[in-house]
Amino acid sequence: MAERRVPFSLLRGPSWDPFRDWYPAHSRLFDQAFGLPRLPEEWSQWLSHSGWPGYVRALPAAAIEGPAYNRALSRQLSSGVSEIQQTADRWRVSLDVNHFAPEELTVKTKDGVVEITGKHEERQDEHGYISRCFTRKYTLPPGVDPTLVSSSLSPEGTLTVEAPLPKSATQSAEITIPVTFQARAQLGGPEAGKSEQPENK
């Protein structure tokens, strides 16, 4: 099976901005965007000329430059991405769960489906209180033994769930049949090979 990526993200797109006269003095309050980085400059310029005045505010240069923005954008683009791989002998799913501790993650199998759940209770951050939860389900390939499914969490926050594929699915269906050699059978039984002798009188 070919590699398949399943990204998801949230798009910011307010159709109007009642606080544009208040910006940028209080921009920090309204531009938190719940952890999402601002739109890249070229998107902002395109949207501001799209015929929808006020659709997107002009962004200050500081908002789109610098390592902090690059790190935030990199994290957002890499967050929440699920990657499924299937090799000749293994099936594997990798999922970015960097916001969750190991004890906040649950991996279980039921009816040929792997279910990954993450949840942490409400906690305080620099902007207030936040809670997160998610559930992802993946169908196991036919014949996979659910008791052999294993999972591991990397220090970078990548959860890997994998299982060996059954032998019947990984081995070729081609079977070599040995050829045995037999001498040609003699017709008429063992006595047929004897030449008949004329009877002497």
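Cβ atoms are placed via backbone N, Cα and C, with glycine included.
As written in Swiss-Prot, here are the features:
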type: MOD_RES; residues: R12; note: omega-N-methylarginine
type: MOD_RES; residues: S15; note: phosphoserine
type: MOD_RES; residues: S27; note: phosphoserine
type: REGION; residues: 68-201; note: region 'Interaction with TGFB1I1'
type: DOMAIN; residues: 72-180; note: domain 'sHSP'
type: MOD_RES; residues: S74; note: phosphoserine
type: MOD_RES; residues: S78; note: phosphoserine
type: MOD_RES; residues: S79; note: phosphoserine
type: MOD_RES; residues: S82; note: phosphoserine
type: MOD_RES; residues: S94; note: phosphoserine
type: MOD_RES; residues: K119; note: N6-acetyllysine
type: MOD_RES; residues: T170; note: phosphothreonine
type: MOD_RES; residues: S172; note: phosphoserine
type: MOD_RES; residues: S195; note: phosphoserine
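Mapped onto this structure are the features recorded in Swiss-Prot.
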| residue | record | DSSP class |
| --- | --- | --- |
| S82 | phosphoserine | strand |
| S94 | phosphoserine | strand |
| K119 | N6-acetyllysine | strand |
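Per-class residue totals from DSSP over the domain 'sHSP' (72-180), listed helix then strand then coil: 17 helix, 54 strand, 38 coil.
Cα spacing between S94 (phosphoserine) and S82 (phosphoserine): 6 Å, rounded to the nearest whole number. In this structure, the CA atom of K119 (N6-acetyllysine) is 17 Å away from the CA atom of S82 (phosphoserine).
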